[in-house]
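> Quick one: this structure, given as structure tokens, is what I'll be asking you about.
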């Protein structure tokens, strides 16, 4: 590819990135259609799958590694990472852009997380069984009947208080390894459970505190970026709370806690949060935050 054609491609990428909407023709479709890829057949499969989603990971072989997978070159990943990073910085609630940033920059961190799960008996079972956390897999009535303080009851309360749903988590598309793609999917789907465990709502301070924990725990560049840039959106009083109490607590507990992806939460709904925190080596948060109204995740 010549420098002039690369420049034109980057310009077109920039224009499409600014107008991208999750339900329309995305910059990802454009990349699959317009870029020179090794196989026209593979390219058409990518375009078809960019508009679909699945809640199942299996061991079957797909042309795109797994359902929904979109093959991208190193250059394409770089452009996607830059474009999604700029969009996420402009609007932290663009979770589609945050998702793309995580997938295109997190390969090494995902490998480390996968290895931790493989070396943990419970994590190994999760990798083998591939459970998904979706509304279709949750027994909401049973969870609502659990006692206060249990993981299932408090997780359900978190979803209700913050007006969020596990179904809003995007399916993985750009991770070029089927098992690592599941690790990324699992990370996304336990994110709200981590909010519950840490006692953090989904307001900006709560999100930044969770990102500090996740950055220390997972090593994902996306989490580190959120941990660094998130405080820029906090007012003075919340910055003081973050730097004097919540931040140090989140970093310390993120480093020393057991891998949070290695917990089969679906089999622990009746367990008390306090017991699970002790098992994971997570201390009670030093500050109690309350949920505030904002846009849904």
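Placed from the backbone N, Cα and C atoms, the Cβ positions cover glycine too.
Whatever TrEMBL says is automated annotation, not expert-curated.
Marked as Zn(2+) binding site by TrEMBL: 191, 192, 195, 207.
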> Since the record lists 191, 195 as binding-site residues, which of them has the fewest other Cβ atoms within 10 Å of its Cβ?
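Per-residue Cβ counts within 10 Å for the binding-site residues 191, 195 bottom out at 191.
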> 10 Å Cβ neighbour count around residue 192 (Zn(2+) binding site)?
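That number is 22.
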> With every protein chain in view, how many other Cβ atoms are within 10 Å of the Cβ of residue 207 (Zn(2+) binding site)?
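Excluding its own Cβ, residue 207 (Zn(2+) binding site) sees 21 Cβ atoms within 10 Å.
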